[in-house]
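Notes follow the structure.
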């Protein structure tokens, strides 16, 4: 208050000197130009602003040679409209060339109206919202506002929230003006987004109940739109109720947040972000602060302020004086600017002729001040400006991390490496609570040895434990494993609107991380954050392997039923007999045995029962025969038999391989489509898991049918865990299939050899480490996961826990598709048995034929059977001989008469054979067409 009185005395002396020297007089060769200012009677708020105003004028006057600005200051109450009007008229009567202030929306409007009437420039430095009816250019014609334009500033806050990826947040405000400043933030919220909570605080200094309500809602993002003097106390109380933890984030909208002493909160673990209009490290602001301190020292007053704590309004007053002086200087160079005493109540109202010219010049002039670039639009609003985005740090207080401007939006000034280094540094010696659930192979209770006592992390083993242990070694933090009470992964109940399982544990801030086979889904991603996936997978089908049938040596007979084989044998014999009978009856099948003797009285029929059987057998084997019938009836019978044989042979050949492959299996399924098309085999999933959610929300028709089938099945096909599903498949005897994630399925099939995976993957997804939303450690932990992946450690962990530990590797690798289609000796061995039996029979018959021939030779040659046997064996075993004499020389004592007799006998038989061969050749030639048909059938 003493400073205000001293300023008042100084002001009075200046006015007296001006009036004594005449209005618009000259001091030290400079023309005096008075400018007015109205400050509120709140010393704590306006004292620094008035200092900035006065010493900005002093610095201008130090450099100007032709004019000198003379400050005339008035004081009013923020709510006193009547007094404000009177003070403005007093300033007009004193001939001021501009009016600066006041900083209240209510009183500023009155000043602006009077200045518009008198055409005196009106310069303000506070937030001024756009009128509800829109901007009226005539009413705003004489007003210039250096404070950032309301809509653009609101857009800056909205861009920051979008950049931070805040899906939901709570706004705490203390006045209607504050809520109006956030209209762009409210507009970025879509109808499908998470709700935004808006809470107003009153004059009650106890904010704890409000903060506890916000805490119980699980909200971790808070926007503070309150007066600067309330911010520190609210954050103190937030710390008391544990609302300043590492997962809470605050954005302070006040541009004066940097002036608050946050020393006691610097070591809080929450993120506190604010906006700042000025660069506190610039030369301009340091120079201005130096002027203030030195000027006050000359006036025997103590004033101390650091550049980092300069109020935004003070900086704006400094820039306002600077840009106004620039306008006066530029215009005065072309036409001398002279002040005029004006009256508010005069009937003959006069306006200052230079006012509009000064305002228009300021609108088009671009200036750079303490608050950065100063650019106005056509309405005198500061539509272009730069903001510093600052963050409270432990070492430096508020630290600049990014900038914002209307053209480029948010632009970070620190590198990702710096961010990562800060996060890793904060992790040193920190102890994380890691939530998980029991489920092989991710986390299991360690098997105790006799007399062993296990506690803490030593109670567990598994993939999850070794994964988090590897990450902790990379980042240097400690951890403590805890089991989630309900043992669930985490699903959202739309009725209660609450989460359960691991997700709820994170939302309640009872854990820092959650690691297990937790699938990253869109729904979970709205509630918690995830690292990059440490394992990729998909949904597949667990099913019991087909039951192997006993091997049958005569499997090759199986493609045709017993009835068909009997019918074929009957048809074979019947057609053979019919062919024999018809050939006996048909004249065309009786032939002259000696074609060269036309007068031969005898004809011969070659179609005995043996030849008929041979023809039908050759046809059904696909080989044909070297003799063919000649009669039309017999040809017709033969042709129909060939057609029948072709059809039966083709059917048998086509079905043989497939039947022998499938004989080891019973009815099976190969894909999800097969499951969906049938109703005999039931199938299910884990209740409340991501696999259930996949079918529940799928738009694919096959999966929709499967979900409808599962949902309507009685008894229920859903299980509480994968282990229960596995047991149900084992006991189901191929009447139940279980849909589960492929990683768990692989683990099961490595240990239960009678179970297998059916088909491919139905989708693609990944397991990730979950943490509270906006966790500062996500980037660092994701980086550690990536490092383990690149080093091959994730693959080693999976191999260890899937194929080696706890009974892994018991089951051999599944055969590939080519091996599955191979036929083993156990399937076709019967063919070899039949071949061997046939060959044995042929050998026996051959021996009998040989012995019969030996007997006949002995009779014909009149030698002993023993001599005949030796002679025939000697000839048969001499493989170098390729021709056989008409008679054998059995011994040297054999009479020539006997040899002659044998030669005659052999000659006679040879003649008969030759005659018969001639007839057969002629018969074959006459039936060449039928032979060609047989050849075609044989090829098929």
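Cβ coordinates are placed from backbone N, Cα and C, and glycine is handled just like the others.
Nobody curates TrEMBL annotations by hand; they come from automatic prediction.
The domain 'Ionotropic glutamate receptor C-terminal' annotation in TrEMBL covers 431-804.
Residues of the domain 'Ionotropic glutamate receptor L-glutamate and glycine-binding' (441-508) grouped by DSSP class, helix first, strand second and coil last, total 24 helix, 15 strand, 29 coil. Sequence annotations record features per position, and here TrEMBL assigns domain 'Ionotropic glutamate receptor L-glutamate and glycine-binding' to 441-508.
The annotation site 'Crucial to convey clamshell closure to channel opening' is assigned in TrEMBL to 669. Taking all protein chains in view, 19 other C-beta atoms sit within 10 angstroms of the C-beta of residue 669 (site 'Crucial to convey clamshell closure to channel opening').
Within its own chain, residue 787 (site 'Interaction with the cone snail toxin Con-ikot-ikot') has 474 as residues 6 or more apart in sequence whose C-beta sits under 8 angstroms from its own. The site 'Interaction with the cone snail toxin Con-ikot-ikot' annotation in TrEMBL covers 787.
Same-chain neighbours of the transmembrane segment (564-582): 557, 607-609, 612-613, 615-617, 620, 629, 631, 633-634, 637-638, 641, 644, 648, counting only residues six or more beyond its ends whose CB sits under 8 Å from a CB of the stretch. Here TrEMBL flags 564-582 (among others) as transmembrane segment.
TrEMBL lists 640-662 (among others) with the feature transmembrane segment.
Annotation source TrEMBL lists transmembrane segment at 828-852 (among others).
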